[in-house]
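J.: Below is a structure I'd like to ask you about.
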Amino acid sequence: MKWYLVASLLTILTSSQGILTTLSQTNGKYKYDYATIPFLAEVFKLIVSSVFLWRERKKSPPPKMTTDWKSVRLFPIPSVIYLIHNNVQFATLMYVDTSTYQIMGNLKIVTTGILFRLFLKKKLSNLQWMAIVLLAVGTTTSQVKGCGEASCDSLFSAPIQGYMLGILSACLSALAGVYTEFLMKKNNDSLYWQNVQLYTFGSIFNMARLVVDDFRGGFEKGPWWQRLFNGYSITTWLVVLNLGSTGLLVSWLMKYADNIVKVYSTSMAMLLTMVLSVFLFSFKPTLQLFLGIIVCMMSLHMYFAPPHMLVDIPPAIKSDPESLVNVPVDHKTDS
């Protein structure tokens with residue numbers, strides 16, 4: 001499967017994620033425990049990957065599977081990073097408003113490029129670096145509201161702790177993605193075997209979060225497994241399937257493409273979500289949204305287009321032998 005087809009599908013699924021989550025609400029509230037969504041998504045990914053791995057093992061030759069503990073012990077690390085990242089997210093929202101947080105979240109585009117270069121030793125051209133910066137500018141522009149509104153004033157009025165935590169959140173998000181790509185590409189193991197390891201630990205960590213929530217709440221609503229499906233509707237299950245399918249596509253891109261492709265897919269998904277919201281939720285389009293879309297499209301072209309499409313290289317001029325003029329040179333000898 002071509003990477004751009006997977007990236008396009010990822011863009012569509014990611015853009016519908018927020019829309020489905022909004023539609024799953026009842027009177028603006030969740031009737032279900034939202035913490036169960038990531039857990040069930042991890043279980044879904046684990047089941048799908050296990051089935052594909054089982055089918056792959058029936059073929060000849062069997063897939064490569066590294067079972068050495070030195071290799072397996074590396075797979076919980078992305079889950080730990082994401083766990084820390086989620087806590088940093090909540091801490092950041094204590095100091096900044098939602099609009100400021102979303103705008104600062106675009107820093108992960110640039111931090112992903114930096115970590116991509118530092119840790120994976122992938123060299124980017126000057127045009128590609130410019131494209132990544134343009135992508136961050138474009139997505140930020142699309143999210144900035146009119147300068148007469150309160151959110152515009154609040155962007156630069158948050159405490160310094162909020163900005164520091166926002167930068168840390170962007171770095172953690174990029175680190176998790178880059179480290180996951182390192183895991184997927186460090187050997188020739190089966191993608192499904194690597195997924196099984198990732199999602200096993202992902203399920204364990206998400207289950208641990210549900211247990212911690214129970215202890216914090218004093219088990220007022222009972223243990224998590226008794227209320228696991230409480231309030232679930234068809235739309236809620238679509239959210240689970242969407243989140244799980246998105247994760248599977250991301251792992252494929254990490255294995256056969258790279259983090260930058262994923263960043264572009266998710267950024268374009270955000271813009272697509274805004275456009276769809278105009279028709280679904282009476283969202284009013286702004287000039288900033290249109291400008292942001294144009295800048296992001298330019299960035300997309302700059303990053304992936306061949307250099308000869310971006311820079312006009314004059315054709316090599318071949319000299320015509322007949323047009324050459326012989327210039328006589330006087331050879332003077334010293335007397």
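Here the Cβ of each residue, glycine as well, is placed from N, Cα and C on the backbone.
TrEMBL annotations: computationally assigned, not manually curated.
Quick paste from TrEMBL:
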SIGNAL    1-18  signal peptide
TRANSMEM  34-54  transmembrane segment
TRANSMEM  74-95  transmembrane segment
TRANSMEM  101-120  transmembrane segment
TRANSMEM  127-144  transmembrane segment
TRANSMEM  164-184  transmembrane segment
TRANSMEM  232-254  transmembrane segment
TRANSMEM  261-281  transmembrane segment
TRANSMEM  287-305  transmembrane segment
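I'd like these features described in context: how deep, what's nearby, how far apart.
T.: Here the transmembrane segment (34-54) has long-range neighbours at 63, 190, 192-193, 195-196, 199-200, 202-203, 206-207, 209-210, 213, 224, 228-229, 236, 239-241, 243-244, 247-248, meaning same-chain residues at least 6 beyond its ends whose C-beta is under 8 angstroms from one of its own.
The list of residues near the transmembrane segment (101-120) in space but at least 6 beyond its ends in sequence, with Cβ under 8 angstroms from a Cβ of it, reads 89, 92-93, 129, 132-133, 135-136, 139-140, 143-144, 155, 163, 166-167, 169-171, 173-175, 177-179, 181-182, 258-260, 263, 267.
Note on the transmembrane segment (127-144): residues 99, 102-103, 106-107, 109-110, 113, 152, 155, 260, 263-264, 267, 270-271, 274, 288-289, 291-296, 298-300, 302-303, 307, 310 of its chain, located 6 or more positions outside it, place their CB under 8 angstroms from a CB of the stretch.
Residues 74-75, 77-78, 81-82, 84-85, 88-89, 91-92, 95-96, 100-101, 104-105, 107-108, 110-112, 114-116, 119-120, 191, 194, 198, 251, 254-255, 258-259, 262-263 of the same chain sit 6 or more residues outside the transmembrane segment (164-184) yet have a Cβ under 8 Å from a Cβ within it.
With a cut-off of 8 Å between Cβ atoms, the residues of this chain six or more beyond the transmembrane segment (287-305) that come close are 127-128, 130-132, 134-135, 137-146, 260, 264, 267-268, 271, 274-275.
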